[in-house]
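Peer 1: According to TrEMBL, the protein has these features:
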{"type": "COMPBIAS", "residues": "18-38", "note": "compositional bias 'Basic and acidic residues'"}
{"type": "REGION", "residues": "16-51", "note": "region 'Disordered'"}
{"type": "TRANSMEM", "residues": "123-140", "note": "transmembrane segment"}
{"type": "TRANSMEM", "residues": "167-185", "note": "transmembrane segment"}
{"type": "TRANSMEM", "residues": "192-214", "note": "transmembrane segment"}
{"type": "TRANSMEM", "residues": "220-246", "note": "transmembrane segment"}
{"type": "TRANSMEM", "residues": "258-280", "note": "transmembrane segment"}
{"type": "TRANSMEM", "residues": "336-356", "note": "transmembrane segment"}
């Protein structure tokens, strides 16, 4: 009986071997493909790109203090650059956001190429950038149609593109999708789908968030500057508190982060947000929505500030009155919203950085790139900003934004005369029912 069982087992062995071979063929993979998937080789570590001038000037310092000075000097340089682009106006800001988006996309996609050795995959580098172009065409086309409505309706080519914008965007994406399917190679099916998913997740994280940054900008420069500045302040102050007072590790993903830096950064960011909001709320160029002027063909930021940006008097709770001796305080309502923004920037925003740290640890890299000495790549500086941009956009839509009369009028003027007359009669009847318009005025 034992002999028969052994013979039967030996007879079944080739069948299972053939079955596994068949499954491998169906998957389009070989043994070498499986081996290459098990442990992707990490990309090469970037070389030290600190400017030679700084290296010579700081050569006598320890590596800890040398890194502190390099980060500090280049942080001041980036802050100065930030002030310059704000001074140049909203159009330059939008171009900078676009450039940052492209660079972040390039850094993440390059990591994928290096890790999975996908340079030899047919069309894939081209397709990645093609999908970036398609998604940007869709989002920026939506923005142009929304904020430049009058200009679009005035120019015939733009009007046609606007009318069929979503169909054109879908057609462009579908073309790329078909190109991807046609580029599939038998030995690289799984690897190609890995990279297809990598590209789309990168588009979701980078392009969608940068589009929301531009939407926040159109609500008013203050909704762009304050959130970004709060993230920058929290990043700097958390580093400073952690550098001088840090003792207790915060999270394993980022061993250098400490509870002292996290808590110190929170309080410093809230105070900074209140002060910055107070200063900026007094200037129309910061608080007015960015609108396109058809007469001058330029952006304008002139308006009558809303109640959100008018000083109001608030009663101070009795407990605090006994401490500071004040009964009331005059402040802008936006300052109250700034507390919510700065709290998110300091308590939740860092999780964008922790997410990026986990991503880098997964692929055994220190930074996304070596674009900025001492800071890494552009994505290393904007990992928290993208999360902040989403929160600000949701916050505005939930608690701030109301119906926009100017947009409604623009759409009303593009309707046919009979449709305009119907809306006029409906609105007049509604106002009469509300008592805001008399019947005598109706007869006139």
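Any Cβ shown, glycine's included, is placed from N, Cα and C.
Where the annotation comes from TrEMBL, it is an automatic prediction and has not been curated.
Neighbours and distances for these, please.
Peer 2: Long-range neighbours of the transmembrane segment (123-140) within the same chain, counting only residues 6 or more positions beyond its ends whose Cβ lies under 8 Å from a Cβ of the stretch, are 98, 101-102, 105, 109, 113, 165-166, 168-169, 172-173, 176, 179-180, 183, 192, 195, 199-200, 203, 207-208, 211.
Below 8 angstroms of C-beta separation, residues 28, 121-124, 127, 130-131, 133-135, 137-138, 141, 161, 192, 196 of the same chain, each at least six residues beyond the ends of the transmembrane segment (167-185), sit close to that stretch.
Outside the transmembrane segment (220-246), and at least 6 residues removed from its termini, the chain residues within Cβ reach (under 8 Å) are 68, 71, 75, 79, 82, 86, 90, 93, 213, 256-266, 268-269, 272-273, 276-277, 280-281, 285-290, 301, 334, 338, 341-342, 345-346, 349-350, 384-385, 388-389, 391-392, 396.
Under 8 Å from some Cβ of the transmembrane segment (336-356) lie the Cβ atoms of residues 226-227, 230-231, 233-234, 238, 251, 253-254, 257, 262, 265-266, 269-270, 272-274, 276-277, 308, 368, 379-380, 383-388, 391-392, 395, 399-400, all in the same chain and six or more residues away from its ends.
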